[in-house]
Amino acid sequence: MSAALRAQLFLCLISLLSGTGLTRYIEDNEASDGLYSLISLAQKRESEDFVFRRPLRCLDMLATEGYFTFVASRPQLACAAFIIAEPSEVISMELSDVSIDCSAGDFIKIFDGWVLKGEKFPSSNDHPLLPHERYTDYCSSAASTLSGRSSQNVAMIFFRIHSPDSGFTLAVKKVHNPFPCNIMSQSPEGSFTMVMPHQRRNCSFSIIYPVEIRLTDLSLGDAKSNEISPLRQMWPGCSGSGDYVELLGGNGVDTSKMFPVADLCFSLSGLAQMKICCDNSVVRLVSSGNYINRVTFQYRLLDQNEIPKTRENSLENFCAVE
């Protein structure tokens, strides 16, 4: 991911975090130029043997493999690092050189996904693990090191450290995922194909931008309907089929709390498009496990003149749809 895209995505995360205790703490304790310096760092590999290393900040975004070391210069009580990989990758993480005092209230926790404003991505409805199983706690482990692997292309760590000079090193490695499911897009523009081969699982592709989404191909094993239904809040035909695609919009990351914009439960080879003027736009593939389902789509960032200037507070009017 380029420095410009990394900066844009990081600013979107800051916007979604707005109002949380974590963000207030960071805003009070981190200089603004420091936040921008972390996303403008040159991350160039000079050879295949090059190992990237840099300090880890209290609020950070990591999009590169390497080693990231945090050393507290003062008490840091509300820190988080967001980790993101390519859509076709999952993330392997390992903690080492840990010097924290768990008995004094220090902690380091790895989370399988992202947490923003108290909402989880992927949602609890779409993740293969129970909510408490998605956390790995260093202080609850008897080992001197702690490792974990994400179920999708995003993960994060939370940490609290009271004593200066205490800290840890986080190793990040990316692993190929042949069947990506539950993806956070690094970019506001692009294309993607989600495939679900005979698995009872729901997969979401989340774009933290207002975008236009164009579905170019959809193959579902059980086609029972022949119409697209924009702005329909109840769709017994699609939900009853067990295999369908829905478009969602909202201001959070939990798909179960987002507004249903449209749903499709029939195969198509053509173009269906919709503008979703939301902070987060999602393509969600729901699969019964009886068939091989596939959806291909393109997405692009909406221009400012395409986004309504006023939004009402009610859920139905939060996102404008065209």
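Cβ atoms are placed via backbone N, Cα and C, with glycine included.
If you look up TrEMBL, you'll see C58-C79 (among others) marked as disulfide bond. Here the Cβ of C58 (disulfide bond) has 22 other Cβ atoms within 10 Å, regardless of which shown protein chain they belong to.
Annotation source TrEMBL lists disulfide bond at C102-C139 (among others). Taking Cβ-Cβ distances under 8 Å and a sequence gap of 6 or more within the same chain, the neighbours of C102 (disulfide bond) are Y138, C139.
The Cβ of C181 (disulfide bond) has S151, Q152, M194, M196, R201, C203 as same-chain neighbours under 8 Å, each 6 or more residues away in sequence. As annotated by TrEMBL, disulfide bond applies to C181-C203 (among others).
Of all Cβ atoms in the protein chains displayed, 24 besides its own lie within 10 Å of the Cβ of C238 (disulfide bond). Here TrEMBL flags C238-C265 (among others) as disulfide bond.
Taken from TrEMBL, the feature disulfide bond applies to C278-C319 (among others). For C278 (disulfide bond), other Cβ atoms within 10 Å of its Cβ number 27.
The average pLDDT for the domain 'Corticotropin-releasing factor binding protein N-terminal' (51-175) in the predicted structure is 94. Taken from TrEMBL, the feature domain 'Corticotropin-releasing factor binding protein N-terminal' covers 51-175.
Under the heading domain 'Corticotropin-releasing factor binding protein C-terminal', TrEMBL lists 183-307.
The signal peptide feature in TrEMBL is assigned to 1-19.
Distance from the CA of C238 (disulfide bond) to the CA of C58 (disulfide bond) is 44 Å.
When the C-alpha distances from C79 (disulfide bond) to the disulfide-bonded residues C238, C265, C278 are tabulated, the minimum falls on C278. Across the range of the domain 'Corticotropin-releasing factor binding protein N-terminal' (51-175), the DSSP-based residue counts are 10 helix, 68 strand, 47 coil.
On a Cα basis, C278 (disulfide bond) lies 23 Å away from C265 (disulfide bond). Cβ packing within 10 Å was compared across the disulfide-bonded residues C139, C203, and the lowest neighbour count falls to C139.
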